[in-house]
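Some features that TrEMBL has for this protein:
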- 96-121: transmembrane segment (TRANSMEM)
- 176-198: transmembrane segment (TRANSMEM)
- 241-265: transmembrane segment (TRANSMEM)
- 277-297: transmembrane segment (TRANSMEM)
- 334-354: transmembrane segment (TRANSMEM)
- 401-419: transmembrane segment (TRANSMEM)
- 469-494: transmembrane segment (TRANSMEM)
- 518-688: domain 'STAS' (DOMAIN)
Amino acid sequence: MAKGRKGGYRVEREILNEERLEELSQRLDISQTRIPLSYRLKNSLRCSVPSLKRRVVSFLPVLYWLPRYSIWDYGMPDLISGISVGIMHLPQGMAYALLASLPPVFGLYTSFYPALIYFFFGSSRHISIGTFTVLSIMVGSVTERLAPDADFLIMNGTNVTAEVDITARDQYRVQVAAATTVLAGLIQVILGLVQFGFVGTYLSEPLVRGYTSAAAAHAVVAQLKYIFGVSPIRFSGPFSLVYVSTGTLVDMCALLVVSIIVLITAKELNNRFSKKLPVPIPVELIVIVVGTLISFYTHLNETFEISVVGEIPSGLQPPTLPNTSYFSEVVVDAFALAVVGYAISISLGKTFALKHGYKVDSNQELVALGLSNAVGGFFQCYSVCASMSRSLIQETTGGRTQARHTCVSSAVIVLVTVLKLGPLFQELPKAVLSAIVFVNLKGMFKQYADIVTLWRSSKIDLLVWLMTWASTVFFNLDMGLGASISFALLTVIFRTQRPRYSVLGHLPGTELYLDMETHKEVREVPGITIFHSSATIYFANAELYLEALKQKVTVFVMPETPHNSWVYLKGTDPETTTLGSLSDLQDGDITTLESSSEDTLSRDLERVSLGSLGKWTWDIHSIILDLSPANFIDTVAIKTLRNVKIDVDIYMAGCQALVVEQLEQGGFFSDIDKERLFTSVHDAVLYCLNRRGAGALPNYETAAVSFTDSDTTDTTYSHTVRGCM
């Protein structure tokens, strides 16, 4: 429809309450809609050939897409993409191994085995599985906690000095990292098999960005010793970052390599001329090669005692069983690695899937990532997940439609390096690898701009970001993750406990009801109060819901009125109103409801006291509770609703089918008729007006609402709505 043209529709039907709606729609009983557990188990064990084939294909996605893979269409682009990603794997694998406090060669192993496993089980076409900054730091915190340098000191004869047995220490750390990785992988596989793919949704975007920004701070501190050539004492646990920073900054005295400047310049050129370059400049590999050559010919290690990578054994390590005795000590860390790694991978996978028009199975991704970690752990790999930088390269350098083939190409590059080229990098200074880590953290440092953005958009999300950052920086990565998730969930509970409560009014000419405090054109319906909560009602806010209802519509006792009648007070607060203020009320400010004894009034007043918005212009005879935002309701909320008793008619409107079922199961309708539950607020309003003898809503010039009346059950209404389409 052309812009600015007005469209409209006309509805004519009877007013529907829940009882009449069930009669018309032939709603099934709960027992008829829920499949018995025994039947579901029996059906899941039934293995017909088609269903078995579907299960195998869903578990091994490679069986679905590989037969359809076109070498002519995708082969060359994927090959170029795989080589580009493989070249990135080499420097990043060795550099991130330092973050994990492991020898660089184990970073190469980690870039090889998990990628091959993901090739068979992964459902995302564009993410690159391998080493990642955050997970490397998390693994490093585990290895340094369980295998600190102090446990591997060798006393130097008669001297009081001691040296660290690096070989024994590294072997122990590799075992710890492998055991942690296997356990994290098993956790991911189990979660995936029981359909817990939604677990990553508990890590909101502000939480993840705050967490990775804090992890970047840990990464910077961890690499300072390699860049400046110092060996500060390492700490673990809470406030370890503060202690390490102090020791490192005091000991800064060595040469700062220029690799950082070169890397940043080259990366910016890559970004600026990305559309003109067929493939990005492999600046990280170039820096590694140049750094190795300079170190080799100038003898940096012997002359200046610059720390270098050292021996890189040729060939692959045979698989070994992890030491299960470590499991009890690393189970918390393993769970954190499982959740964080999955959250990062699935967010990247869904981003690329949305861009290229395919679907990523969250549960299958959890299984694929878990198998990549579990199998990789047997080959001395540490935890992996998707990498943003490599995934972007994989997508932009040719992996347009079926980029999973690039996993094989990149794995071949890493394999050749491990088998034949590894010894060539033995003289590579570790400071160069640290420079690569520094530059790759640039994106995480840019996330500090989120503070300004979130300040403008959402203060609560900003609080989650800051709390996550602070807890991760000061309480270490594992404790920080637990604290930040707990805090984020508390903000959700707090927001449901303190929703927005409002009294709704009618928008003339429509069937819509909006907040009277925020919309100038809405009008109060004569004699009807419509109470609305922006959140569902459950045990945590049921009492607050009732308190808000008290504040919006006040029932109070006026001692000076005849017979101690119930009265509505216009714009008064029952906690602060005095007799003097009551005497100033005009005749239109009070409405007598019924006479009662003093004892009865005091008991009723103690049970419930409803409060006013301060805009009454008619006598109130009905209250409508708008429950349309509620998506569930528990027994506490049901009891609360049943206890709302007052000498005006109470109705409910807008309940979802699930809420109606839960009301039935909670016995809500044992003494309350379903006739008091309406499908919409408009149905409830028209019913109340008709019951009180009103022929229609007030005429607000544009209103077009009318009744055709016989009796209450057969009442119909016609309603015309006009608006811009």
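A Cβ is built for glycine as well, from the same backbone N, Cα and C atoms used for every other residue.
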Could you give the residue numbers and ranges of same-chain residues that sit at least 6 residues beyond the transmembrane segment (277-297) on either side and whose C-beta is under 8 angstroms from one of its C-beta atoms? 80, 84, 87-88, 90-92, 94, 257, 259, 262-263, 266-267, 269-270, 306, 308, 393, 397, 424-425, 427-429, 432-433, 435-436
For the transmembrane segment (176-198), could you work out the same-chain residues 6 or more beyond its ends whose Cβ comes under 8 Å from its Cβ atoms? 100, 102, 106, 139, 142-143, 146-147, 320, 322-324, 326-327, 330-331, 333-335, 337-338, 341-342, 346, 361-367, 369-378, 380-383
Checking distant contacts: for the transmembrane segment (334-354), what same-chain residues at least six beyond its ends satisfy Cβ-Cβ under 8 A? 123-127, 129, 132, 134-135, 138-139, 180-181, 183-185, 187-188, 191, 197, 199-200, 202-203, 208, 211, 327, 360, 362, 365-366, 369-370, 373, 383-386, 388, 391, 395, 477-478, 481-482
Please work out the mean pLDDT for the residues of the domain 'STAS' (518-688). 69
